[in-house]
């Protein structure tokens, strides 16, 4: 009897060690350890052995509004449950972002350091949008990327995106975007000679064909391409194919299942066409966006935890679709991690990243509406009233009940 008991105990210990060993192996898996230093070869993203790499992951929303969703716990959940291999930290420059509040870069640092600890790649995104010409804040961009590349240039995890979405008919690749990149890239290369740099292209990073005709000389540059499945279709896929034929390396650093406004839809059939297109061409991508904002491109439902552990009910239709697509191609099958504990489930989570909808007593604190300015979610003063943009708009006067402006007082 004693012998049988001893054998049983040994078997139990062996089984326990096997389970622990497998769990540790899954938790310790690092896509960065697997692929190492990324580079460009023949217009394609490759690992340190020269093998093609396709990264898939999520982009944050604006860190100044929804930064509470960008933290070690949420990124770990995305790695372990979704299977992401890249995370994009979207630091708006205007709209209450870095130019007005430089402290938002601390959230970028938090994202980068979490990604390093978790062994995934991370995109540091200089998110120009309403400031449509990257040259508007060129000097600030140079200072910012000098700091980031000095801090993190030794880590192969890091990817720099130096101009999210240049836009406007007077902002072209040849005259504005490429000259800007030719000033910012050397600042990064002074500290970081190797890591990938993504450069935005014209018309909200759609005009990759123009960049392909006049490429930058840095060997490890990629060109940003963005699309929204409910708005963009075959004509833009043709532009990507043209750019690839010219040997340009393309990174889809932002895409959504919605219309280009970030809302409307979702368009899952159209999104699947795009997913297939990107897979067939081995294009890396980051989906917009990790937030609980009440818009269809958001991955989470209102009220979702900012630290991961999301149930199916907490995922939006877009989030459910994107999670499934990432999990389908994960190098290591994602585990089913234990949701992080909530120390006080009765208390609602704070939402410090969202703008305060309550206007100040003095409307003069906000600028007057300007028909020539591009707005995305800014607050303006017009006809004795404060208004906030609900989506991208230009030359649409506040006051139209079906328009993009919402009254605040």
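For all residues, glycine too, the Cβ spot is worked out from N, Cα and C.
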Record-annotated substrate site (Swiss-Prot): member among 29, 152, 155, 228 besides 61, 65, 66, 92, 127, 260, 261, 288, 293, 294, 295:
228
Out of 127, 254, 260, the recorded positions in the record, which is closest to residue 165 (active site, proton donor) when you go by Cα distance?
127
Which whole-number value in Å describes the distance between the Cα atoms of residue 127 (substrate binding site) and residue 254 (active site, nucleophile)?
11
If you count other CB atoms within 10 A of each CB, which of 165, 254, 294 wins among these recorded positions?
254
If you draw a 10 Å sphere around the Cβ of residue 127 (substrate binding site), how many other Cβ atoms fall inside it, taking every protein chain shown into account?
27
